[in-house]
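Shown next, in structure tokens, is the structure this report addresses.
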Amino acid sequence: MPRLPLPRTDARLGVVASPALAAPRRRRGRFNPTPALMLLPAVLTLLAVGIYPLIQAVNTSFKLYQINKPRQGTPYVGLDNYQTVLGDGFFWRSLLRTGQLFLYTVPLQVVLGVGIALLLGATRWRGLALVSRVLLVLPIATTPTVVGLVGRLVYDQEFGVLNWTLGLVGLGPVSWVGSATAAMFTIALTDTWQWTPFVALVALAGLTAVPPDIVEASKLDTDRWWDTFRHVQLPFLLPGLTAVLIIRTADILKLFDMVFVLTRGGPGVSTEFVSVYIQRVGFRIFDLGIASAQGVLLLVLCIVLSRVYITLFYREIEA
Amino acid sequence: MSTQTLGSARPALPARTAATTRARRGGVGALLQLLALLLLILFLVLPIYWMVATSLKTTGQTFAIPPRFLFQPTLSHYREIFSEGAVPRSLVNSLVVALASTVAAVVLGTPAAYALARFDFRGKADLWFWFISNRFISPIVVALPFFLLARDLDLLNSRLVLVLVYLTFNVPLVVWLSTDQFRLVPREVDDAALVDGAGPWRTFFQINLPLATPGIAVAAILCFVFSWNEFLFSLVLTREQTRTAPVEASNFMTDFGTRWGPMMATGTLIVLPVLIFAAFASRHLVRGLTMGAVK
């Protein structure tokens, strides 16, 4: 059997490709029951709670399954549900909206996050930088549901503290979730509050890996910070930022809690992202058949994206 | 790389650079930096402060214009939610579910992680991909069939369903993070144990597990935090008696109005323990969120 190529462990980049694969080989050829037994509990559990429900979802997606109409039963209807979903403008628009949100938030969060990391790394105000470094964890750890609830409080049109602050400089009052455009902006703003610190922490970890003397040397060569950033620091940041891109893609496809609490997908369907829409079809319209078909399509999208991303990210394995 | 502990959570900030010295010279630049830092801190802290402050205000003060930044705090909203009973019950539910799922994930996940770190076998790469791809699956996809299963088994009002469904993200998390940790245990330790006649299981339990404890503790904390923060599964899989705290908190918004004080008091009770955990494990929070890709 050909040996799997060992992944290059690129310490410089601070990213280890697939730690599991880096284990040295031993005992080729003879079946060794020990690792199989050690893996069995976790694998069986994940099969039971992860894979079996997915199989059930695929099964349900071929049925007429409206739980508020129990008398019609749950007959198989072939591909009818998929036909309905693929022709459903709301479904496509919810996907499009999810893509839009990604474009509104992630590039901005990356730029802001890297900016914050550079500021914290280079500022002369060491004490304040350390305090900020600790406080960056606050938004990330805050329960997303609570973020949505606090959003309701802060964005309130009449007594919200944000409109009062804007009033001080003669702006507003703004109806933060009153119109389609505003609600989309508000969701993007809230997501940015919660996840920019995440990018900043990842970028800080990357900057920490840059040997200080290389930065010093580059400062002797050039006076423009951009050159130092582009040629010395950015290469150390890229692996982390790739990870950020992957995680944020997955998270925006999953995004539910904060939006559900803050806008319920409204006004109208203006902030109904794909997970929120599927939840409405499944648990407020109670059409489990259609919702399962939508879920299966979303799952396919997630799997394709994850394969693409993992292949890019851990490309050493495929090489 | 040394064994990570909670205490060493914060990485050193990048060392002082030429930019530092330059900033010290330029007065305007330094002032701008100061301004940016203060703005950042306000941006991070104000929403949380506003939540805690609102939970300690009277209802009248909540609606006051201009908003009250300083006021005489009162615990009346906390007394209110504790005398009503739903919030404390939901906090207990959250605690029980998060703890049970965390313990189960550690018990199930650590042997698997050890096997991935130490042994070589066919299909290992595929298994690794499978574990890692769980991070991408949207919870709503899992929630739909789980709802039907739980309904058919008459488990819709039980905490067991939540414990099980939280394993879908907790087991992969424990596996990813502890595989890293087991790899840090030198192989010589294993070989020495083998020479002394210890079998692979004894080597795992008595030697590797204690040595990997700091990393496993971090994985456990992250499992707890993610379970504690979860909303969607609890929303669709539980009823009044088994609701977790985030769902209970959102129930203060009704068609007849929102009870801001009790809602913010509940929010504070949910978030504070997580923030304390996170402050200790801040660096590992990032590690957990990126599946160990960013150290």
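Glycine too: its Cβ is placed from the backbone N, Cα and C atoms.
Per TrEMBL, the features are as follows:
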TRANSMEM  B:30-52  transmembrane segment
DOMAIN    B:91-281  domain 'ABC transmembrane type-1'
TRANSMEM  B:95-116  transmembrane segment
TRANSMEM  B:128-148  transmembrane segment
TRANSMEM  B:160-177  transmembrane segment
TRANSMEM  B:209-228  transmembrane segment
TRANSMEM  B:260-281  transmembrane segment
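Counted as Cβ pairs under 8 Å, contacts with the transmembrane segment (B:209-228) are highest for B:95-116 among B:95-116, B:160-177, B:260-281. Counted over residue pairs separated by six or more positions, the transmembrane segment (B:30-52) shares fewer than 3 Cβ pairs under 8 angstroms with the transmembrane segment (B:128-148), which leaves the two as not touching. By the count of Cβ pairs under 8 Å, the stretch nearest in packing to the transmembrane segment (B:160-177) among B:95-116, B:128-148, B:260-281 is B:95-116.
Below 8 angstroms of C-beta separation, residues 6, 9, 48, 51-52, 54-55, 57-59, 62, 76-78, 80-81, 84, 87, 91, 94, 218, 221-222, 224-225, 228-229, 245-246, 248-249, 252-253 of the same chain, each at least six residues beyond the ends of the transmembrane segment (B:260-281), sit close to that stretch.
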